[in-house]
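Undergrad: Structure below; questions to follow.
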There are 2 protein chains.
Amino acid sequence: MTRRFVLATRNEKKRVELAAILGQALGEDVEVLTAADLDLPEVAETGVTFEANALLKAHSAAAASGLPAIADDSGLAVDVLGGAPGIFSARWAGRHGDDAANLRLLLDQLADVPDEHRGAAFVCAAAYVGPDGAERVHRGRFTGRLIRSPRGDNGFGYDPIFVPEGEERTAAELTAAEKNARSHRFLALTALAADLPPALR
Amino acid sequence: MTRRFVLATRNEKKRVELAAILGQALGEDVEVLTAADLDLPEVAETGVTFEANALLKAHSAAAASGLPAIADDSGLAVDVLGGAPGIFSARWAGRHGDDAANLRLLLDQLADVPDEHRGAAFVCAAAYVGPDGAERVHRGRFTGRLIRSPRGDNGFGYDPIFVPEGEERTAAELTAAEKNARSHRFLALTALAADLPPALR
């Protein structure tokens, strides 16, 4: 049976990644519409935690579409930056969504930071909001370290400078299947899928 | 009696501010040479705390000059960024010392952050290293909040967007005397001055 829901993102790469994870986690056909498909309004991300922003986005998408909505808020938490860029990861260089500028800025900021202090983790909060207002939110963490120059063409965001724990390749050198099997998004969405209200689970 | 020491900075505004605070704290004439005056070598700031970087700079200046050295490492710790820019404050936009770019980037990053979450503090670690290798380090904190557009022409760095607790003016709208009476640098250097080895105190 096919389940339909709206994903509160306009990012096509994220849609593909999230749909793959959710299909796997829910074990059934999943039809994913996005904020772009439905032309949903933009949401100001005024929360100061991943969870608050994921819930803001899911509430807005559910209200505007009348469909069950899933949203994630994700980012890279760098140890030596006290968890920044964090919720600001997508706008780190000042404008939303310029991956190349964000990555370049972070490398420049950390230029003098020695290898033993380059720990970081991708963090994801995944939220569900039902048409009835029911809400759920779960967090996932993908730990690793930052290298000094980008490698790999898969993935997006900071993937090319992030080497997961136990790996030598960057997240952008993993296949989508390898990344999806252990990523912050996988962990958060798997936990969320297991906790969805019966109608969607 | 005039005391001579070297200040491990190339920043002229910082020299003026530090010399004023130290003269006041030490209650005697203070002659301040700087890294620029003595053409001291650049130091890679590879520490990951304010204290570590202040000590690195003071050790390098003392070793290169044979004089007692004082260094500070200061920065702006933004609550919602988990303490960043922190030790990276002077290179936040990627290049060292571009105050205008650093300030603009921080405002852009925080554009969606509501007023109640814009708390921040200037932090300073002030370090002393003697020709004999003796070391001291003390920290000072200057708490306040960040506004959305710069105001004022005094001070430097992030002063134009920082409103100290109990103030309506920004740190760049305070006079040098007002700022020096309560700033992070004043607090750290006052504590350091009181703790200097007898020869310099």
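Quick reminder: no glycine exception, Cβ is built from N, Cα and C everywhere.
According to TrEMBL, the record shows the following:
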BINDING   B:THR9, B:ARG10, B:ASN11, B:GLU12, B:LYS13, B:LYS14, B:SER74, B:PHE156, B:GLY157, B:TYR158, B:ASP159, B:LYS179, B:HIS184, B:ARG185  substrate binding site
ACT_SITE  B:ASP73  active site, proton acceptor
BINDING   B:ASP73  Mg(2+) binding site
Undergrad: In angstrom units, rounded to an integer, how far apart are the Cα atoms of B:ASP73 (active site, proton acceptor) and B:LYS13 (substrate binding site)?
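TA: Per the Cα atoms, B:ASP73 (active site, proton acceptor) and B:LYS13 (substrate binding site) stand 14 Å apart.
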Undergrad: Within 10 Å of the Cβ of B:HIS184 (substrate binding site), how many other Cβ atoms can you find? Include all protein chains, please.
TA: 25
Undergrad: Work out the three-state DSSP category of B:THR9 (substrate binding site).
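TA: B:THR9 (substrate binding site) sits in coil per DSSP, no helix or strand.
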